[in-house]
Amino acid sequence: MSTASAASSSSSSSAGEMIEAPSQVLNFEEIDYKEIEVEEVVGRGAFGVVCKAKWRAKDVAIKQIESESERKAFIVELRQLSRVNHPNIVKLYGACLNPVCLVMEYAEGGSLYNVLHGAEPLPYYTAAHAMSWCLQCSQGVAYLHSMQPKALIHRDLKPPNLLLVAGGTVLKICDFGTACDIQTHMTNNKGSAAWMAPEVFEGSNYSEKCDVFSWGIILWEVITRRKPFDEIGGPAFRIMWAVHNGTRPPLIKNLPKPIESLMTRCWSKDPSQRPSMEEIVKIMTHLMRYFPGADEPLQYPCQYSDEGQSNSATSTGSFMDITSTNTSNKSDTNMEQVPATNDTIKRLESKLLKNQAKQQSESGRLSLGASRGSSVESLPPTSEGKRMSADMSEIEARIAATTGNGQPRRRSIQDLTVTGTDPGQVSSRSSSPSVRMITTSGPTSEKPARSHPWTPDDSTDTNGSDNSIPMAYLTLDHQLQPLAPCPNSKESMAVFEQHCKMAQEYMKVQTEIALLLQRKQELVAELDQDEKDQQNTSRLVQEHKKLLDENKSLSTYYQQCKKQLEVIRSQQQKRQGTS
């Protein structure tokens, strides 16, 4: 095995200039590309094409850059992967210098994104799998955040960058092309809008807490098996604008309170209010006691159809209700209960039993830390007025019930409860807004629940950023993004700045167009209603005119009859007088 430096060749020396610490030597095994037998292309990563290949009689994944513009991401990933060694982070075997590529661990299970939203048939997974994936992800990220001498933040946590191995039971984090040292001043914003923390696209001042925000979105996604903000659609800046204004994914009906509390804390607008990854690992480790079976391989429909289970991964036999929230301190909140199909998480076999308050066994008591640095084990029992520090009796469910022979019974998340709770207000039940439940009947709709704005007490972040999104243009389509300039050329920098301003103006115009189109639809709807009202008014006017004509005709007839009556009476009086 030979050890090479990233500055040992012409290609790597130019890349080495991009590394923040030139004195840092990247130690990795230099692999001869002739030893690699490429089999097929399996996708794209943070940079370049990802191929499945054979190397020394084992399956590997190779990432090869396609252009010089991807060299920086290549060096970033090479540098970061050469520093890490964790069971939940993809392993780097080595690198080739000609052509430039990484040789990495191959994940036969594909990405978590494909498991959740890929092509049919989709695999069946349990709540235990979902919780285990999130726990493993948090363990890997916590490792990155605790690295010395410089911690790492991933910046692009999302299901496409989470790979599965061992039958879908083991999760590994990949794609470090956007990762950076935590002490680095970040001037470029990369990542995906649906999972991106608001401070990432609002400016360059952000910390490891941006990974916590992304993790909270992933937790929601694996529980609901729905794409976050999928109902917003359109360009990425629409999602970013919604998140900037406080929109979050809808809460989940009957989600156990400790999970809901953890998830909503991760979504906090203020990064300092989010838990650390270390705290998340502690909480998730305790919660995993109530979700047995995470070590069982994923099953595809063809694997369990013979056992009397559903043959379709899109079966609507189980549901998870999502409740959309729009929390405000100034007014009560209306919450709409929207049924949402969940193809993977089955109903519990029976109602989950409420834990007894006096139960003191290890499996019966769980307290969640109300503060970021508190220890889960040392927390006192909770009071009725608290939600942030809750034992399992408040979940109103015994996740791990036992059968008659004492063996734990397989359980999964049933209908999950929900309360409209702001992450800034979850410490007290008294702060929960009023709830208006709308129950729907009939077949459930496949349309995702709408996300609603989430307005915390403090609408500004800790960095004091205003309502502008100066770096948001980085999520435009690739062909519209400003090309990286040559730092040594004033003309190149001037063109880059001009392009940035034009891209920013383009985004503003696109936003205005979207808002105007929305307003147009509202006006069209109002016009239709006005036309209907006008038609009704016209009909009423005609009826009124007709009634007036009838009234006039009747009045005339009445006068005629009255005159005839007077004539008849006068004639009768004359006859009586003559007689």
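Each residue, glycine too, has its Cβ placed from N, Cα and C.
Listed in Swiss-Prot:
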- 1-300: region 'Interaction with MAPK8IP1' (REGION)
- 36-291: domain 'Protein kinase' (DOMAIN)
- Val42, Gly43, Arg44, Gly45, Ala46, Phe47, Gly48, Val49, Val50, Lys63: ATP binding site (BINDING)
- Lys72: ubiquitin cross-link (CROSSLNK)
- Asp156: active site, proton acceptor (ACT_SITE)
- Lys158: ubiquitin cross-link (CROSSLNK)
- Thr184: phosphothreonine (MOD_RES)
- Thr187: phosphothreonine (MOD_RES)
- Ser192: phosphoserine (MOD_RES)
- Lys209: ubiquitin cross-link (CROSSLNK)
- 301-339: region 'Disordered' (REGION)
- 323-334: compositional bias 'Low complexity' (COMPBIAS)
- 354-391: region 'Disordered' (REGION)
- 361-375: compositional bias 'Low complexity' (COMPBIAS)
- Ser367: phosphoserine (MOD_RES)
- Ser389: phosphoserine (MOD_RES)
- Ser412: phosphoserine (MOD_RES)
- 416-466: region 'Disordered' (REGION)
- 426-436: compositional bias 'Low complexity' (COMPBIAS)
- Ser428: phosphoserine (MOD_RES)
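Location within the structure of each feature annotated in Swiss-Prot.
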residue	record	DSSP class
Val42	ATP binding site	strand
Val50	ATP binding site	strand
Asp156	active site, proton acceptor	coil
Ser192	phosphoserine	coil
Lys209	ubiquitin cross-link	helix
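Sequence-distant neighbours of Arg44 (ATP binding site) (same chain, 6+ apart, CB under 8 A from its CB) are Val50.
Neighbour counts of Cβ atoms within 10 Å were compared across the binding-site residues Val42, Val50; the minimum falls on Val42. The Cβ of Ser192 has fewer other Cβ atoms within 10 Å than any other of the recorded positions Asp156, Lys158, Ser192, Lys209. For Lys158 (ubiquitin cross-link), the nearest neighbour among the listed recorded positions (Val42, Ser192, Lys209), judged by C-alpha distance, is Ser192. The two recorded residues, Ser192 (phosphoserine) and Asp156 (active site, proton acceptor), have Cα atoms 7 Å apart.
Across the structure, Lys209 (ubiquitin cross-link) and Val42 (ATP binding site) place their CA atoms 31 angstrom apart.
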